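Taken from Swiss-Prot, the feature ATP binding site covers GLY233, PRO234, PHE235, GLY236, SER237, GLY238, LYS239, THR240.
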Amino acid sequence: MNNGRIVRINGPLVVADNMKNAQMYEVVEVGEPRLIGEITRIEGDRAFIQVYEDTSGIKPNEPVYRTGAPLSIELGPGLIGKIFDGLQRPLDSIKELTKSPFIARGIKVPSVDRKTKWHFIPKVKKGDKIEGGDIIGIVNETPLVEHRILVPPYVHGTLKEIVAEGDYTVEDPIAVVDMNGDEVPIRLMQRWPVRIPRPFREKLEPTEPLLTGTRVLDTIFPIAKGGTAAIPGPFGSGKTVTLQSLAKWSAAKIVIYVGCGERGNEMTDELRQFPSLKDPWTGRPLLERTILVANTSNMPVAAREASIYVGITMAEYFRDQGYDTLLVADSTSRWAEALRDLGGRMEEMPAEEGFPSYLPSRLAEYYERAGRVKTVGKPERFGSVTVASAVSPPGGDFTEPVTSQTLRFVKVFWPLDVSLAQARHYPAINWLQGFSAYVDLVANWWNTNVDPKWREMRDMMVRTLIREDELRQIVRLVGPESLAEKDKLVLETARLIKEAFLKQNAYDDIDAFSSPQKQARVMRLIYLFNTHASRLVERGIPTKKIVDSMGQLLPEIIRSKAAIKNDELNKYDELERKLISVFENLEKEAGT
């Protein structure tokens, strides 16, 4: 394979000639330090290479070494609990090797530890017919994750050999497949190109909600397992904290957190918190189900794109094992800015605000890899990849290209409002601008498993919030006294919804995570208040009298979110009894 020669260097873009027969997206090693790069354009025998490491110090005429392979990652036991850079190099291994807090250029470190032995339990026997995606055995990687060893998608045939139960490294052959006369070894580890989606048998409709423990996300704008969501918001509106809450408390089996071009201290927060936090679904440390990809703002710009693809490829791998995975990306705007930077250096025709014209297709490729699927292989299983991405529009302008294009491809929109954040209303998700296309799909699950009136109660809350916004303009002009009594009740109910339900403290031990049952109990109290109070208002009782009769009951309902634990829901029975008792007394008064 002929090596190329550098002719031009422009930041992360390197142009090399003598690259005849090179392939698009082929990985090359650039210059004497052998920096990792990827071919993004070919003109004759000249290749344009985006380099994923700092190019300072390399010179024209230095060699470019071809590998003949696309950018691929290693998939196997040893991924869980690790933190990787944007090229899937484990940061702890780099630190041990270099004895430095910085990543040395051109360093080569295996993504999956070659020395660790894993206890392999075979699930197939010699002579079995196997195909791509079949589970041939398991490795208990962590107490939370049973790592299912899959036949690579392109392998099929008769199982000629399979090892006995025992301890093996990721490079040891554990099986041999007779594939049309060729003997193909299977190891615990496999490689997969990051830009190619992993195959599946069938894409399914997402009908089960991905529970997050955040009330506004679960109830007002729910996301389904296999769904796509965007969280746009200006600086300081709470994007990172919202995404961290998602990563901490979501009911996903595997969480992959990609820090793409954001500040390094945010990744540090994750690493400090996750080992000490317990998964509310299993009681185990959160790091036992989490993979972190750190491609922070001070790392090379070009590697931001790689980090996004690395994250979603790992998510697809665990999906193929039959797991529900969540990919959290913070933030896709930084990736888009990297595309803009590289597009400018390659002298491409810019589109709106300087972003490349292919930005929508790149975003579409990324979001289309989400979904709930029936996987290939035996036994039959179902898995999902849910994608939640932050978008960082400058100045909170949602009409800028990255936000507006993202809106075309996502089904859930969680817009963060800086005015809510300034008013200390967190999560600062604007209930008027947001939307979810999954409400109808997940309503049946909520009605069946949590509360048969869930949809009715949710719709009442949404209607009340919309009506309150309409009334706010009138209140500003003439004051609340001029409103009809039923409209005064709308304002009171909306206040209760916001204070008791929508506001949530991500740093409170009790309030940080609300179980579906607890959410339904709080909704039920608000629903009862609104229903009974509406009847009394129709009978001529003023809203002020109803609120005054409540005494300390409404503040008690508001405080309950941080006072009543998820396993103490019987305490809501007492609040319900008190609420109904107040209304019964008011109805007796109204009847006389």
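The count begins at 1 with the first shown residue.
Keep in mind that glycine also has a Cβ here, set from the backbone N, Cα and C atoms.
Around the Cβ of PHE235 (ATP binding site), a 10 Å sphere holds 11 further Cβ atoms from the protein chains shown. Each of the binding-site residues SER237, THR240 was ranked by the number of other C-beta atoms within 10 Å, and first place falls to SER237. Within the group of binding-site residues (GLY236, GLY238), the Cβ with the highest number of other Cβ atoms inside 10 Å belongs to GLY238. Residues SER392, LEU416, VAL418, ALA421, ALA428 surround the recorded ATP site, their Cβ atoms falling within 8 Å of the Cβ centroid of GLY233, PRO234, PHE235, GLY236, SER237, GLY238, LYS239, THR240, which are themselves excluded. A simple Cβ count within 10 Å picks out one of the binding-site residues GLY233, PRO234 as the most packed, and that one is GLY233.
Secondary structure at PHE235 (ATP binding site), as computed by DSSP, is coil. Neighbour list (LYS239 (ATP binding site), Cβ cut-off 8 Å, at least 6 residues apart, same chain): ILE231, PRO232, GLY233, ASP330, SER331, ALA390, SER392, LEU416.
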